[in-house]
Amino acid sequence: MAKTNQAITICSLLLLLLLSETTSHLLCSDSKTPVNNNETLQFCDSYKERSCCNSKDDLQLQNRFNSMNISDSNCSSLLKSILCSKCDEFSGQLFGDDDSSLVPILCNSTSQDLCSKLWDSCQNISIVSSPFSPTLLGGATSPSTSSNSSTLTDLWKSQTEFCTAFGGPSQTNNNKTKCFNGEPVNRDTSDDDEDDVKTPKGICLEKIGTGSYLNMVAHPDGSNRAFFSNQPGKIWLGTIPDQDSGKPMEIDESTPFVDITDQVSFDTQFGMMGMAFHPKFAENGRFFASFNCDKVKSPGCSGRCACNSDVNCDPSKLPKDDGTTPCRYQTVVSEYTANGTSSSPSTAKIGKASEVRRIFTMGLPYSSSHGGQILFGPDGYLYLMTGDGGGVSDTHNFAQNKKSLLGKILRLDVDVMPSVSEISKLGLWGNYSIPKNNPFQGNENEQPEIWALGLRNPWRCSFDSERPDYFLCADVGKDTYEEVDIITMGGNYGWRTYEGPYVFSPLSPFGENVSSDSNLTFPILGYNHSEVNKHEGSASIIGGYFYRSNTDPCSYGTYLYADLYANAMWAAIESPEDSGNFTDSLIPFSCSKDSPMKCTAAPGGASSGPALGYIYSFGQDNNKDIHLLTSSGVYRIVRPSRCNLACSKENTTASAGKQNPAGSAPPQPLPSSARKLCFSVFLLLSLLMMFLTLLD
């Protein structure tokens with residue numbers, strides 16, 4: 001028995017270690033965003049404002065509760081609260097990654113916490129189809145019992161064993177883990193401590209390149225190399241210098257990695273808009289380009305028009321846009337390869353410009369607002385950002401129409417390829433399959449590719465490298481407002497019903513200006529056009545990244561973004577941490593006097609900062625250093641002291657960490673999914689060893 005208790009104690013400690021790594025981002029257990037209740041929940045009536053349940057969910061939970069046939073009132077009340085925790089706005093954290101579970105993490109730090117109360121009240125009470133069966137935890141064994149009705153003591157040997165399986169620590173100032181204690185979880189509004197993120201005094205830059213690029217992607221092999229591309233359709237492979245080395249980046253523009261300019265239609269609105277390298281590029285050599293093509297000049301370019309009968313749109317009735325017929329220009333995602341150009345894809349210095357396969361093709365009704373960024377998410381799927389298609393204020397309200405792929409975030413599986421017959425049967429737009437948990441599958445009135453909707457022209461999205469459930473996208477506004485959104489599964493971001501937080505009144509009579517899904521998600525950040533360009537009122541947001549490099553410790557944890565016109569940059573802070581509540585500040589930026597390449601001062605003198613021209617995009621290398629891709633060159637964020645900026649966290653006696661040579665990955669924290677996998681393996685091995693010890 002002593003050995004058994006020791007084993008249980010060890011398992012409890014391991015569980016605490018796992019739980020300490022979780023976050024409290026407002027997210028439902030099904031990965032959707034909590035919504036404001038438009039109607040009172042009759043059963044789970046404790047959740048009155050924002051929740052993860054609608055009336056249908058509420059009824060299902062009530063029916064499940066009634067079927068348990070619990071005779072004791074105290075036990076019954078606790079079981080009701082546990083079932084209703086599915087409606088909690090923090091249920092994504094309460095249930096971890098298991099949406100199928102009916103039991104959240106139960107608070108278990110003291111005898112007054114829910115797990116102890118539940119055992120005391122319910123241990124000898126019969127529960128039909130008990131949600132506490134060990135078999136529901138996956139692989140655990142339990143004493144012989146009826147599968148229909150059982151008590152806790154039928155299923156578990158002791159309170160300790162039960163609470164080890166279902167319990168977790170209560171939240172404290174040092175422990176931000178969420179557990180369920182019988183009531184709706186409150187947001188953490190405790191005062192910031194000295195380690196919390198603060199707004200930096202400013203941003204210090206150095207110029208390391210003269211090229212004008214639209215996209216930057218770190219080499220998937222984890223080295224100090226990165227890919228850069230321009231709008232006409234060329235991709236280069238460059239080498240990023242060490243911080244404090246005084247060297248510019250190495251890139252030979254006379255020898256591109258790949259040149260697809262003959263496939264790309266390029267002008268001010270069109271071109272190569274995005275590129276993505278497969279997470280296993282170093283092994284399989286697969287990479288992808290998102291661009292526009294002209295079907296008049298390229299016969300192989302043609303695809304289905306986004307203006308079609310399914311969305312009540314007739315392309316023959318659309319007016320010409322700048323003299324161009326509707327759907328002459330297409331949005332294309334094509335796959336290419338670096339295989340066969342060197343001994344391994346990781347060492348390849350050139351790729352092949354011939355298309356391996358066409359992943360996606362869609363005709364554009366107008367010539368503006370077509371997005372085009374692509375990136376691989378931490379889940380391994382390819383995300384494609386599409387604009388609303390242009391026209392006068394989203395003429396046909398495509399962004400709110402779930403039969404249209406315009407104004408959306410699409411999520412595609414490019415590892416499982418369908419047959420030609422499957423593409424036709426499913427009505428796909430190319431060679432890809434649909435991830436199983438995409439939110440709009442199984443309904444003929446909704447496109448299964450859609451991950452999120454209600455966007456006007458998303459321009460630069462990124463996942464937080466430390467918290468993969470934070471997927472932020474900047475969305476370019478029309479007349480008034482630029483915004484940043486946290487993208488979640490099935491989220492609706494309002495356009496054209498709203499422009500940012502403002503109700504939008506379109507000039508076009510086409511399409512109902514009301515979403516069939518009234519649960520809209522509003523921006524976490526944004527700014528009015530007049531804030532950045534008071535004379536003309538012009539603005540165009542450029543989405544950025546959470547700063548996760550050690551180079552500037554005073555910027556660590558902030559979300560950085562900017563405006564196209566290069567005279568405004570913001571640092572946003574989330575407070576409390578993992579709450580989804582952000583505040584931002586305009587921050588000054590300057591160029592280091594010892595920059596490897598000279599920075600030209602903006603009009604108004606050195607105090608006005610460097611003349612960046614236009615900011616096209618941000619980039620992030622494998623050391624998490626942030627780069628600005630501008631019309632005047634490539635700039636990198638460096639140590640604050642190089643611009644005489646005060647930062648108490650900076651160690652000025654030691655230079656920043658060295659970059660990683662080609663082929664060597666930098667040491668980075670494991671993502672949460674990897675930590676959980678490692679924990680599971682470690683736990684199983686530990687249990688096995690303890691079991692073998694008991695046999696001795």
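Every residue, even glycine, has its Cβ placed from backbone N, Cα and C.
Residues or ranges marked as signal peptide by Swiss-Prot: 1-24.
In the three-state DSSP reading, ASN69 (N-linked glycosylation site) counts as coil. Marked as N-linked glycosylation site by Swiss-Prot on the basis of sequence analysis: ASN69 (among others).
Here Swiss-Prot flags ASN74 (among others) as N-linked glycosylation site. Using a 10 Å Cβ-Cβ cutoff, ASN74 (N-linked glycosylation site) registers 14 neighbours.
Under the three-state DSSP scheme, ASN108 (N-linked glycosylation site) falls in the coil class. What Swiss-Prot lists as N-linked glycosylation site is ASN108 (among others).
Swiss-Prot lists ASN124 (among others) with the feature N-linked glycosylation site. Mapped onto three states, the DSSP output places ASN124 (N-linked glycosylation site) in coil.
Look at Swiss-Prot and you will find ASN148 (among others) tagged as N-linked glycosylation site, backed by sequence analysis. The Cβ neighbour count for ASN148 (N-linked glycosylation site), using a 10 Å radius over every protein chain in view, is 9.
Here Swiss-Prot flags ASN175 (among others) as N-linked glycosylation site, drawing on sequence analysis.
Cβ neighbours of ASN339 (N-linked glycosylation site) (same chain, under 8 Å, six or more residues apart in sequence): ASN284, GLY285, PRO345, LYS352. DSSP assigns ASN339 (N-linked glycosylation site) to coil in the three-state reduction, outside any helix or strand. Residues or ranges marked as N-linked glycosylation site by Swiss-Prot on the basis of sequence analysis: ASN339 (among others).
According to DSSP, ASN431 (N-linked glycosylation site) is assigned to coil rather than to any helix or strand. Look at Swiss-Prot and you will find ASN431 (among others) tagged as N-linked glycosylation site, backed by sequence analysis.
The N-linked glycosylation site annotation in Swiss-Prot covers ASN519 (among others) and rests on sequence analysis. For ASN519 (N-linked glycosylation site), the Cβ neighbour count at a 10 Å cut-off comes to 16, with all displayed protein chains included.
Positions annotated as N-linked glycosylation site by Swiss-Prot, on the basis of sequence analysis: ASN528 (among others). The Cβ of ASN528 (N-linked glycosylation site) has 14 neighbouring Cβ atoms from other residues within 10 Å, across all protein chains displayed. A strand conformation is recorded for ASN528 (N-linked glycosylation site) in the three-state DSSP classification.
Summarising the environment of ASN581 (N-linked glycosylation site), the number of other Cβ atoms within 10 Å of its Cβ, over all protein chains shown, is 14. What Swiss-Prot lists as N-linked glycosylation site is ASN581 (among others).
Under a cutoff of 8 A between CB atoms, and with a sequence separation of 6+ in the same chain, ASN651 (N-linked glycosylation site) has no neighbours. Swiss-Prot lists ASN651 (among others) with the feature N-linked glycosylation site.
The GPI-anchor amidated serine annotation in Swiss-Prot covers SER672.
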> Which one of the glycosylation sites (ASN69, ASN108, ASN431) has its C-beta surrounded by the most other C-beta atoms within 10 angstroms?
Replying inline: ASN108
> Quick one: Cα separation, ASN124 (N-linked glycosylation site) versus ASN74 (N-linked glycosylation site), in Å?
Replying inline: 12
> At the level of the C-alpha atoms, what whole-angstrom distance separates ASN148 (N-linked glycosylation site) and ASN69 (N-linked glycosylation site)?
Replying inline: 11
